Amino acid sequence: MERTLAIIKPDAVQHVDDIVYAIEADGFTIIDKQHIHLTIDQARDFYAEHNGKPFFEPLTKFMSSGPIYVMILSRENAIARWRRLLGPTDSVQAREAAPHSIRARFGTDNQRNACHGSDSRTSADREIRFFFPNATVEPLPNSAQIATFLESAVYPVLTKGLVALCTEKPSNPTEWLGRWLLHNNPNKPRTVEPSQ
């Protein structure tokens with residue numbers, strides 16, 4: 001799984017519910033979220049890489065002009081999928097090229113384009129740390145890694161437990177299996193009392 005940062009900009013905050021619905025409908029999980037109002041200095045810090053460009057001052061003024069909604073999104077290929085869901089940067093172009101995109105539906109122009117999306121994993125990590133300094137940025141395991149873990153660590157122990165359950169045939173199978181799994185946990189060493 002990959003993570004990315006999403007910002008609903010001041011011009012689209014009134015559409016938070018619709019945008020969150022579109023995000024979740026596209027298979028994203030929202031890991032963390034917060035409503036905040038950036039100061040001009042915070043906006044300048046966040047967009048520091050664009051300092052000196054003609055759009056820097058208007059952008060930072062706009063981003064500090066009202067509340068924003070910031071989210072950590074997670075899914076396979078999160079950065080590319082979020083950017084595709086956003087559509088082209090310019091909302092006017094988005095209405096032509098991707099009419100169902102978030103920017104086409106909720107944006108106005110090139111700057112007031114409803115949402116921000118990280119453009120790379122490096123940017124996503126930096127941007128997540130900016131807004132969520134206590135968040136763990138390490139990538140979540142992907143489907144193949146999860147399957148490997150289940151096949152190597154979970155299924156063998158669970159299979160032994162289920163075979164033992166079928167052999168024993170207890171009156172309360174759920175409780176019995178729970179106790180069996182606790183007693184046979186491969187990650188918890190057994191202690192043996194020395195004989196006297």
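From the backbone N, Cα and C atoms, a Cβ is placed for every residue, glycine too.
Please treat TrEMBL annotations as automatic predictions, because they have not gone through curation.
Per TrEMBL, the feature domain 'Nucleoside diphosphate kinase-like' maps to 1-139. Mean pLDDT, taken over the domain 'Nucleoside diphosphate kinase-like' (1-139), works out to 93 on the 0 to 100 scale.
Of all Cβ atoms in the shown protein chains, 25 besides its own fall within 10 Å of the Cβ of ASN113 (ATP binding site). Marked as ATP binding site by TrEMBL: LYS9, PHE55, ARG83, THR89, ARG103, ASN113.
What TrEMBL lists as active site, pros-phosphohistidine intermediate is HIS116. Within 10 Å of the C-beta of HIS116 (active site, pros-phosphohistidine intermediate) there are 20 other C-beta atoms, taking all protein chains into account. In the three-state DSSP reading, HIS116 (active site, pros-phosphohistidine intermediate) counts as strand.
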| request: Go through LYS9, ARG83, ARG103, our binding-site residues, and report the one whose Cβ sees the most other Cβ atoms within 10 Å. | output: ARG103
| field | Cβ neighbours within the same chain of THR89 (ATP binding site) - under 8 Å, at least six residues apart | value | ARG103, ASN110, ASN113
| task | Find the longest CA to CA distance in the recorded ATP-binding set LYS9, PHE55, ARG83, THR89, ARG103, ASN113; express it in Å as a whole number. | result | 21
